[in-house]
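*Asks:* The topological domain 'Cytoplasmic' annotation in Swiss-Prot covers 1-20, 152-160, 273-292, 354-358, 412-415, 464-515 (among others), and the record cites similarity to another entry as its basis. Taken from Swiss-Prot, the feature transmembrane segment covers 21-41, 131-151, 161-181, 191-211, 221-243, 250-272, 293-312, 330-353, 359-379, 391-411, 416-436, 442-463. Annotation source Swiss-Prot lists topological domain 'Lumenal, vesicle' at 42-130, 182-190, 244-249, 313-329, 380-390, 437-441. Swiss-Prot lists 56, 80, 81, 89, 111 with the feature N-linked glycosylation site, giving sequence analysis as the kind of evidence. Marked as serotonin binding site by Swiss-Prot: 229, 233, 306, 309, 313, 335, 342, 400, 434.
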């Protein structure tokens, strides 16, 4: 028993320096972050609607007896499913104290059976587009504002401490979601999640770029890490909707909180976040990176591709409740095809994109996103959403798995190979999509309708696609070109950082990979 314990401790000690274990930590952090991001998608619209109408339903029950005139009788007809009201000559009192004289008349009231899950033609439901959109956008807005600071922080103190801070904040946010019973507390929990997400995503992607220094090799681990994001998006909505309907609102968040604790324990042991590990060289200033047109094109692709699904998240469940009479569990399951296809897309094109050209992969992805989004309003039921949602997810997977590695490649090619700031920009682009998408999407859906909302974002994605052509062969800066000519190596980029890899170093079993 003691020998097995020693073997386990030795394995853990050796694994601490493994790139694969670091990849697993980033994968798990992105998985849980995006599960929390999407688990609220089917819960919040229905939960806010139920909170708002609990009071209204109580008031209706107390006022309903006043509407019945004592001299009236009702006869239900099974022939045509209608109710005939027969009233005699009498004077009754209507709500508000108004006097009303009834005569002997017959009023036929058609009985239409409307499911309780189908609040169509409800003005409150239409207005909820804006409220839900702002709630969803708050996380991305806070993350958008926090990312530049996290990028600079990682350059100064390294990646482990911000990574662990992201875990702590996400745990607090998850518990707040579980026990929040008002819109204000939900808004605070969602905003707090934005800070935690910023720490996890910027530090995580920067950490991967620093340990996988070869451009061709880097695509695969980043595709796997984005697979964690995809898994979170995949599992979140159905996981949340099923537990919400059959267990309650608190259940999905408590399960997530337990998983987040597990992630924190692994980070604490492997990354040792108490140690400050600054970068060995000074990175390119954030303002300089923001002036690079090639970085801006890559960031724009990430932003507009993800803006499509971000607009769908608050608007699609409400549109389904209004037009399809969808049940609670269906509101989350509708996103399942997009989530599955995103997972497929990131894993396939994480490897394939480098061979076919990342610019071409992103260009095709933007076009497919636009076409798929344009098809969504034509769906008449939940089955009609399968194909377009599958196309949306698959295409966004193409874009993300192409553009995330190319951000690191552009820094290697044109700037100093320090990755915190450039992945802060990538995450800012992602967050802009998720900040502008829900907030603007909710307002547009309320003003001109859901179909026009889909038309607008679909056209924007297709129009942006040709700009990806400029990423086909981005030029190197003069000093970088001199290095390339000296080493006579126009493709491999690993010489830029192979002497500056941080101390989550490569294990003995993997040193041969970097030779």
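The backbone N, Cα and C atoms fix where each Cβ goes, and this holds for glycine too.
What you see is a predicted model, and the numbers here were worked out from it, not measured in a lab.
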*Asks:* Per the 3+ Cβ pairs under 8 Å rule, pairs at least 6 apart in sequence, do the transmembrane segment (21-41) and the transmembrane segment (250-272) touch?
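*Replies:* Yes, the transmembrane segment (21-41) and the transmembrane segment (250-272) are in contact.
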*Asks:* What is the number of other Cβ atoms found within 10 Å of the Cβ of residue 342 (serotonin binding site)?
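*Replies:* Here the count is 29.
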*Asks:* Reduce the DSSP letter at residue 306 (serotonin binding site) to three states and note it down.
*Replies:* helix
*Asks:* According to DSSP, does residue 313 (serotonin binding site) sit in a helix, a strand, or coil?
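*Replies:* Note: residue 313 (serotonin binding site) is helical by DSSP.
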*Asks:* Among all chains shown, work out which of the binding-site residues 306, 434 has the most CB atoms within 10 A of its CB.
*Replies:* 434
*Asks:* Report, as numbers and ranges, every residue of the chain located at least six residues beyond the transmembrane segment (359-379) whose Cβ falls under 8 Å of a Cβ in that stretch; write 'none' if there are none.
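*Replies:* Residues 298, 301, 304-305, 308, 312, 316, 345, 349, 352-353, 385, 387-392, 394-399, 401-403, 406, 450-451, 454-455, 457-462, 464-466, 468-472.
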*Asks:* Looking at the stretches 131-151, 330-353, 442-463, which one shares the most CB pairs under 8 Å with the transmembrane segment (416-436)?
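*Replies:* Against the transmembrane segment (416-436), the leading stretch is 131-151.
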*Asks:* For residue 434 (serotonin binding site), what is the secondary structure by DSSP, using just helix, strand and coil?
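*Replies:* In the DSSP reduction, residue 434 (serotonin binding site) maps to helix.
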*Asks:* Mind checking which residues of the chain, 6+ beyond the ends of the topological domain 'Cytoplasmic' (354-358), have their Cβ under 8 Å from one of its Cβ atoms?
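*Replies:* Beyond its ends, the topological domain 'Cytoplasmic' (354-358) has Cβ neighbours at 215-216, 219, 402-403, 405-406, 471-472.
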